[in-house]
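J.: Dropping a structure here in structure tokens format, bear with me for questions.
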């Protein structure tokens with residue numbers, strides 16, 4: 001187990017450098033004017049130009065200059081210094097204010113996915129080909145097929161503006177209730193995936209040989225399903241949910257943007273809209289790290305849950 | 001990543017159970033055994049599914065809309081007069097007018113073209129990349145497979161939206177063609193992995209078949225075997241995956257355009273329309289609801305079509 | 001042929017207390033999407049205390065399905081028991097409610113399965129899996145269950161049992177895994193042990209060890225055993241009687257000696273002839289021609305007739321009943337006597 005974690009950590013470090021290098025190269029390399037690239041089409045003031053030149057060491061040139069700037073960027077990133085956005089705010093401060101909101105939203109979404117998705121998935125898996133099963137399959141297909149850019153504004157309009165069941169937007173310091181509708185919208189996709197995954201997994205495990213063994217021990221059906229089948233079926237589901245937590249921490253760009261929730265995705269959304277290059281680079285870099293770490297955590301979780309992986 | 005492994009494991013399990021086959025029913029594990037009867041069975045199965053027909057009709061409808069939008073509306077989507085802002089339906093404008101005073105329905109109809117262009121071309125390029133990578137990895141195995149599988153893992157590990165943002169931010173041009181090409185490029189570069197895995201596994205299955213060994217003994221070279229014997233086997237599953245992918249590419253294009261980094265005005269895209277409609281939803285909701293419905297139905301149609309075909313070809317999954 | 005009584009029941013006399021386990025005229029169907037498969041078509045066999053019955057047949061002959069019906073662990077649907085009786089100590093198990101049926105599983109009748117790797121739950125330690133029966137069924141404490149699990153693992157000769165309690169199934173070798181399965185089945189000291197192809201997935205040398213272990217345990221613990229196999233070679237030393245199954249029927253039922261000496265059904269004869277023998281050097285090994293029947297379209301008359309070297313018109317037209325031969329064996333062949341006495345051409 002220890003060796004497994006060490007190996008995965010080393011892989012993650014490699015992936016970290018690889019990914020950040022790609023992000024950095026794509027953002028800066030080969031541009032005519034890197035400063036203009038960061039700022040997009042906005043006019044750049046002389047002060048901004050001087051700040052960016054100094055911050056990204058844009059006066060050094062060539063491949064050597066590129067790697068010099070890259071390692072500079074990495075060391076800043078590792079020190080937690082993400083620099084300033086074009087509006088002059090510290091990106092670190094922006095993120096520090098945004099994380100708690102995003103995490104709360106992600107937790108609501110995951111809770112929705114677990115409570116409804118996994119439960120319904122288990123039921124559908126046990127009663128395969130029943131009406132319930134077919135209905136959930138069709139419903140999840142609908143949810144999976146409707147893009148968030150449709151679901152979020154429509155939910156906001158109908159549930160928030162038209163019928164006024166929920167607050168339509170969250171605002172500066174959102175409470176639990178304000179986050180509920182966006183959380184459900186955000187979680188619906190995870191819910192559908194979790195449901196389908198649970199259903200397939202349960203149905204498959206119900207046919208496994210060890211189920212027959214457990215029944216031949218004279219165990220009640222309830223125990224066979226809730227202990228033997230579930231323990232096996234939930235391995236891929238929990239792994240998926242782990243990956244999903246990582247995704248939701250970073251990926252709520254649309255939902256946070258639509259519902260005006262001042263989280264990480266919202267700031268990225270705004271950074272893209274206002275063409276604030278440093279803000280986008282800063283947030284994307286941090287999100288890449290979050291993504292890598294959450295993948296690592298999930299891999300370890302997987303090994304903890306499945307002894308066959310653990311002792312490889 | 002993990003569900004892929006689960007599927008593979010369950011296939012093994014199914015194969016084992018099939019072999020110990022106590023129920024005595026004929027073995028249906030060997031997929032590529034009888035392709036013709038499998039296709040016939042699949043067709044018989046599909047014919048009875050309402051979802052298949054509904055999604056097929058929707059796909060044909062939206063394709064026609066993209067090809068000849070004039071068939072569906074006689075209004076010009078670019079004919080926008082501010083004095084008609086949020087005006088009620090009149091004439092051909094069956095859903096009224098939006099904030100800019102454009103015909104909401106006409107704009108939704110004309111939005112199909114960009115969506116389908118991006119979706120179809122992304123799927124085409126994705127398919128080409130997937131076929132090349134999957135064939136090479138599956139056919140040659142060994143270190144080629146190891147390297148390419150690693151590449152697949154890495155690309156699969158990149159969060160799509162973030163990567164698309166990074167890539168598209170570099171495209172400064174506002175020219176419609178350049179932006180469409182850029183979106184297609186980004187989606188193809190990031191989206192080929194699932195299809196490549198499918199191709200790879202079907203190539204591996206086909207490679208082990210007796211007729212391939214026979215062809216090899218008859219002196220057929222690698223190229224000929226790949227082209228004549230392996231490719232046809234890998235094609236069908238790849239097409240199914242790409243049908244579903246086409247739906248998600250359309251959704252991805254709309255999302256990127258919604259964010260303002262995909263297509264831009266004056267190109268008409270559902271993503272842009274939805275964003276514009278969203279901003280003014282309190283005054284009038286139809287400019288939001290109409291393009292949303294068009295987009296959702298189109299994406300759903302492709303996904304359901306692909307899903308239905310896959311289910312029909314793979315009875316094990318049911 | 002006319003000198004033999006034609007009776008549909010097996011021949012052995014019923015002891016005064018009745019048989020320990022008796023299957024009577026069992027019919028099982030599988031209702032699948034493609035149609036109705038008649039998997040078991042009137043199987044009858046019995047088992048007396050301390051006895052070993054071998055049930056022999058190709059895969060698809062219904063031998064495992066019968067055993068699963070006895071255990072009550074058939075997957076229903078698709079399986080459906082359409083008629084018959086399964087009597088344990090005189091009581092018809094098929095008439096019992098599931099709650100009572102469950103009590104018999106493991107405690108009176110236990111079963112071990114073919115592939116121990118898939119039959120054991122991959123995510124629980126073996127000690128936990130053996131102990132589960134003790135804790136759940138006998139209400140033992142964790143510590144007691146643990147102690148008893150070690151005893152059981154010692155009993156099936158797993159070395160260093162107490163250290164291996166926490167290991168997972170995939171960490172054991174094939175033979176050791178099968179021993180774990182056996183230990184688990186013995187947890188409640190059952191009176192009947194059903195072993196479904198216990199050695200098929202194992203190496204030949206390990207196969208012999210497991211068969212010996214099973215025979216020893218059966219004797220030491222005074223159990224009765226049903227040994228399901230497709231391998232005539234493994235049953236000779238262990239079994240008392242053999243029931244040969246084909247297409248969901250028992251086609252021949254005899255004690256081991258007489259069956260080996262003179263098979264009375266062409267199918268058994270074919271099986272015996274297809275075993276390689278040391279004393280038959282150089283000769284060509286014979287096989288049974290054709291394939292096992294499709295259970296959705298079982299051939300008319302005798303189901304074996306399309307593959308039978310002695311086939312006559314009557315075999316195509318008339319379903320043969322169990323013929324009781326003079327030495328008390330039964331055979332479902334119109335020409336049983338002739339086949340046994342090797343008088344057919």
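Quick reminder: no glycine exception, Cβ is built from N, Cα and C everywhere.
Feature list, courtesy of TrEMBL:
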REGION    B:1-37  region 'Disordered'
TRANSMEM  B:50-72  transmembrane segment
DOMAIN    B:112-306  domain 'ABC transmembrane type-1'
TRANSMEM  B:120-144  transmembrane segment
TRANSMEM  B:151-168  transmembrane segment
TRANSMEM  B:180-199  transmembrane segment
TRANSMEM  B:234-261  transmembrane segment
TRANSMEM  B:288-309  transmembrane segment
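I'd like to know what surrounds each of these features in this structure.
T.: Long-range contacts of the transmembrane segment (B:50-72) within the same chain, counting only residues at least 6 positions beyond its ends with a Cβ under 8 Å from a Cβ of the stretch, are 109-110, 112-113, 115-117, 294, 297-298, 300-302, 304-305, 307-309, 312.
Away from its own ends, the transmembrane segment (B:120-144) comes close to residues 151-152, 183-185, 187-188, 191-193, 195-204, 207, 222, 226, 230-231, 234, 238-239, 241-243, 245-246, 249, 253 of its chain (Cβ-Cβ under 8 Å, at least six residues beyond either end).
Counting same-chain residues at least six beyond the ends of the transmembrane segment (B:151-168), those with a Cβ under 8 angstroms from any Cβ of the stretch are 1, 133, 137, 182-183, 185-187, 189-194, 196-197, 252, 255-256, 259, 261-262.
Away from its own ends, the transmembrane segment (B:234-261) comes close to residues 114-116, 118-120, 122-123, 126-127, 130-131, 134-135, 138, 160-161, 164-165, 168-169, 183, 186-187, 191, 194-195, 198-199, 202-203, 206, 269-272, 274-275, 295, 298-303, 305-307, 309-310, 313 of its chain (Cβ-Cβ under 8 Å, at least six residues beyond either end).
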J.: Determine which residues of the chain contact the transmembrane segment (B:180-199) at the Cβ level, with the cut-off under 8 Å and only residues 6 or more beyond its ends counted.
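T.: Result: 4, 114, 117-118, 121-122, 125-127, 129-131, 133-135, 137-138, 148, 152, 155-156, 158, 160, 163-164, 167-168, 171, 234, 237-238, 241-242, 245, 248-249, 252-253, 256-257, 262-263, 267.
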